[in-house]
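Trainee: Structure provided below as structure tokens; questions to follow.
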């Protein structure tokens, strides 16, 4: 059988890939959960390891011919352990949510109480949202941010924990721009006899390079995705203390998954190697510097930021003073060539399909090589679009400015 190229086999998919490449090349991507994977990561993910079934774990497979799959998984495990300084790693979860699921299924029973950050305050679906499996299987309690400061209300966290005695407390968020105090969460968890799980999906790259305090000394379990600030393939990882290793491993397989995606694990291993480099540390420094520069520039232009700024890779913009919705802002900015996402803000009165805010992140633009000067220009473009949201002429002018920046900073 002659192996044909994608272009020969499926012109439609080939064309869509080219169109997506054009979109990513010619627009400024500022969705905080997105990034550009390296060529090396994509080569590994597109490798012939996609052909291999490897149920089980290295040295304990249910299929023959796994000698190289074993080596790939061992490399990924050892690199992740080195990167995060943890005792045990499982690199098989297909996603961040499945990594979270592994912890829940290993340590909880249906009907147990979990406590996480409210989705509308910046949390994640898999931390107890009623539309997620967590909200259906477990009793859920939500903490949020202080209405005045925009910071996590640790007094509320302690009060709710003491009142409801959750079995597990989840820290981590999808739209929280400030440093998370893992030590304070740990103290509260110990007070009420709860496990502490840190979901670091958004800030894993920052933690790996010491740009954000690590949850490792304080947490029983740590979960993450491998994309976002880690800049790897889409996937998940569970890390834990050695005493929980067996429970986690048997929950991932055979508990909630079958065969691992060896090609994705290979790509994870590559991403971990990249993340161990000095270049990656410099990259993370620039991600934060760019975020702070952009946040300050937007504030000077009259934008209100939740918590009045950022400590990490993202900011949450409150658009209520401009009398437009997050949905309207997302659509207008995309026309100009800047891709963000509508996002609820704490105490939002609008539904999540509309929202009063937008979330903006700097990982992707920093990967392209943009710096503080470009953040000032991007702030200006955002201002012009938001203040002239119905003016097609202004939006076309801003589109030209976006194109100039994109040409100056190619991706691949």
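Using the three backbone atoms N, Cα and C, a Cβ is placed for every residue, glycine included.
Annotation comment: Swiss-Prot describes 119, 123, 124, 125 as (6S)-5,6,7,8-tetrahydrofolate binding site. Sequence annotations record features per position, and here Swiss-Prot assigns site 'Plays an important role in substrate specificity' to 227. Look at Swiss-Prot and you will find 228 tagged as N6-(pyridoxal phosphate)lysine.
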Trainee: I'd like the Cβ neighbour count for residue 119 ((6S)-5,6,7,8-tetrahydrofolate binding site), meaning other Cβ atoms within 10 Å of its Cβ, all protein chains included.
Mentor: 24
Trainee: Taking the recorded (6S)-5,6,7,8-tetrahydrofolate site as 119, 123, 124, 125, identify the other residues of that chain whose CB atom sits within 8 Å of the mean position of the site's CB atoms, giving them in sequence order.
Mentor: 116, 117, 118, 126, 127, 128, 129, 132, 173, 174
Trainee: Do any residues at least six apart in sequence from residue 227 (site 'Plays an important role in substrate specificity'), in the same chain, have a Cβ closer than 8 Å to its Cβ, and if so which, in order?
Mentor: 33, 34, 35, 37, 233, 234, 235
Trainee: Rounded to the nearest Å, what's the C-alpha distance separating residue 119 ((6S)-5,6,7,8-tetrahydrofolate binding site) and residue 228 (N6-(pyridoxal phosphate)lysine)? Just drop the number here, would you?
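Mentor: Computed Cα spacing between residue 119 ((6S)-5,6,7,8-tetrahydrofolate binding site) and residue 228 (N6-(pyridoxal phosphate)lysine) is 19 Å.
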Trainee: What does the structure give for the C-alpha distance between residue 124 ((6S)-5,6,7,8-tetrahydrofolate binding site) and residue 228 (N6-(pyridoxal phosphate)lysine)? Integer Å is fine.
Mentor: 15
Trainee: What does DSSP say about residue 119 ((6S)-5,6,7,8-tetrahydrofolate binding site): helix, strand or coil?
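Mentor: Looking at the DSSP assignment, residue 119 ((6S)-5,6,7,8-tetrahydrofolate binding site) belongs to a helix.
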Trainee: In whole Å, how far does the CA atom of residue 228 (N6-(pyridoxal phosphate)lysine) lie from that of residue 125 ((6S)-5,6,7,8-tetrahydrofolate binding site)?
Mentor: 17
Trainee: Would you please pick out, from the recorded positions 124, 228, the one with the fewest other Cβ atoms within 10 Å of its Cβ?
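Mentor: So among 124, 228, the recorded positions given, the one with the fewest Cβ atoms within 10 Å is 124.
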Trainee: Within 10 Å of its Cβ, which one of these binding-site residues (123, 125) has the largest number of other Cβ atoms?
Mentor: 123
